[in-house]
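Below is one structure, written out as structure tokens; the observations come after it.
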Amino acid sequence: MSVSKKPMVLVILDGYGYREEQQDNAILNAKTPVMDALWAKRPHTLIDASGLEVGLPDRQMGNSEVGHVNLGAGRIVYQDLTRLDVEIKERTFFANPVLTNAVDQAKNAGKAVHIMGLLSAGGVHSHEDHIMAMVELAAERGAEKIYLHAFLDGRDTPPRSAEASLKKFEDKFAALGKGRVASIVGRYYAMDRDNRWDRVEKAYDLMTLAQGEFQADTAVAGLQAAYARDENDEFVKATVIRAEGQADAAMEDGDTLIFMNFRADRAREITRAFVNADFDGFARKKVVNLNFVMLTEYAADIKTAVAYPPASLANTFGEWMAKNDKTQLRISETEKYAHVTFFFNGGVEEPFAGEERILINSPKVATYDLQPEMSSAELTEKLVAAIESGKYDTIICNYPNGDMVGHTGVMEAAIKAVEALDNCIEQVTKAVESVGGQLLITADHGNAEQMRDPATGQAHTAHTNLPVPLIYVGEKNVKAVEGGKLSDIAPTMLSLMGMEIPQEMTGKPLFIVE
């Protein structure tokens, strides 16, 4: 008979943040003798679950998807926007080999560097700060002919807000003494995603042929003329920017073209028009042999250089368990099942070898304030049985209540949800201790600890950017480390299990065995 395993259990209390003020705090207003006792008597610490510490922009509230990716990855997983912000701030962007090679190639051949993208501070498809950094990179590396083809936003920004952005770039080029804005066009044309090729063709001709419906001496003048025609930013018609005596910025063979959008869906069509030999969306009047760079991978089947390929997450916690022949269980209700499986595994859908999954159906109610305990009793019953079975080396469980009931904004219901969880934690703790296992209790982000918005007085239904608790229950004598974050959890579990931590995990163990 096989030896019974003593499992390492991770319980994620979704939306269970830490806030010391009792006002509007469902967690502190609930009766939680079990969690209170654990916090008082067991090794514990607070960890960050929002902002830069989980790869989001500074001070942005955490969310369940990002939280579970970080929990399972054992490293901060940056979103593209934040990844680029960090790269630019730390100046690694300016040494990106794909970008520098593309610029150097054009410069050394006396060719132009064309930069295109959505000139916007919206941060959804692109960010103008990234485009500015690209202009600086090209200038610093000695490129003389730098042409910016600006797609105008007005969807993720106010409808008429492009003027300040265009002026900023015209001032920049003036200060550099080289380069210019060569064209402007609304995203309606340049960033279609529904195969409306007649629109894309107008943007393509504007850039390749330097031909448009309109022409202006400066980008700001071109924009003002569009406003006079009653075109908002998004719908600005193809406008060539060229003052008297300026060389035309049509694209030529051997030029470099760098597309600075980081979001793929609206970047694919125009990229295919430039890159695909067998392109048939429209008959191209001019096919240019360009050195084309995508900022991120817009599609796996677009064969051209990528400055920032997708970060594949090697050796996440789940994969590392499988490589070490360990058994693991993932268990949650419907609402958070994807989070303890797909997201915790770094975006991998298929279970790893030795990974089992249990899905408990969430109750069929209109809103969860009507049943704040949700399916926690059944979930706990199955979880306790799994702990006592001796089958699993590790178990990952998510209780959705704090988040799903927190989102309703109903304080009384959120209090009931937290009280139901306390009862569950009591049973789980007893089960873990009875088999000599170890338990970590934490959260992926806050929610239930702030049920009213102090600024508006309205119900607060969103997540928070507050820290979350981390508690250790087990037989080991451990000391807690301060200053942790979600990406420290996987290394913490491995260290408590006495396992090696893979080098890809840059997080640090938060409980040190004394």
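Backbone N, Cα and C define each Cβ position, glycine as well.
According to Swiss-Prot, the active site, phosphoserine intermediate annotation covers Ser64. Within 10 Å of the C-beta of Ser64 (active site, phosphoserine intermediate) there are 22 other C-beta atoms, taking all protein chains into account. Classification of Ser64 (active site, phosphoserine intermediate) by DSSP places it within a helix.
Sequence annotations record features per position, and here Swiss-Prot assigns Mn(2+) 2 binding site to Asp14, Ser64, Asp444, His445 based on sequence analysis.
Ala264 (substrate binding site) counts 19 other C-beta atoms within 10 Å of its own C-beta, drawing on all protein chains shown. Residues annotated as substrate binding site in Swiss-Prot, with sequence analysis given as evidence: His125, Arg155, Asp156, Arg187, Arg193, Arg263, Ala264, Asp265, Arg266, Lys336.
Marked as Mn(2+) 1 binding site by Swiss-Prot: Asp403, His407, His463. In the three-state DSSP assignment, the secondary structure recorded for His407 (Mn(2+) 1 binding site) is coil.
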Of Asp14, Arg266, His407, i.e. the binding-site residues, those within 10 Å of Ser64 (active site, phosphoserine intermediate) when Cα atoms are compared: Asp14
Other CB atoms within 10 A, centred on Asp444 (Mn(2+) 2 binding site): 34
Pairwise Cα distance for Asp444 (Mn(2+) 2 binding site)/Ala264 (substrate binding site) [Å, integer]: 27
For Asp14 (Mn(2+) 2 binding site), the three-state class that DSSP assigns: coil
Cα-Cα distance linking His125 (substrate binding site) and Asp14 (Mn(2+) 2 binding site), given in Å to the nearest integer: 29
Additional residues around Mn(2+) 2, ordered along the sequence, whose Cβ is within 8 Å of the centroid of Asp14, Ser64, Asp444, His445: Ile12, Gly15, Ala49, Gly62, Asn63, Gly67, His68, Lys336, His339, Asn398, Asp403, Ala443, Asn447, His463
Nearest-integer angstrom distance between the alpha carbons (Cα) of Ala264 (substrate binding site) and His463 (Mn(2+) 1 binding site): 27
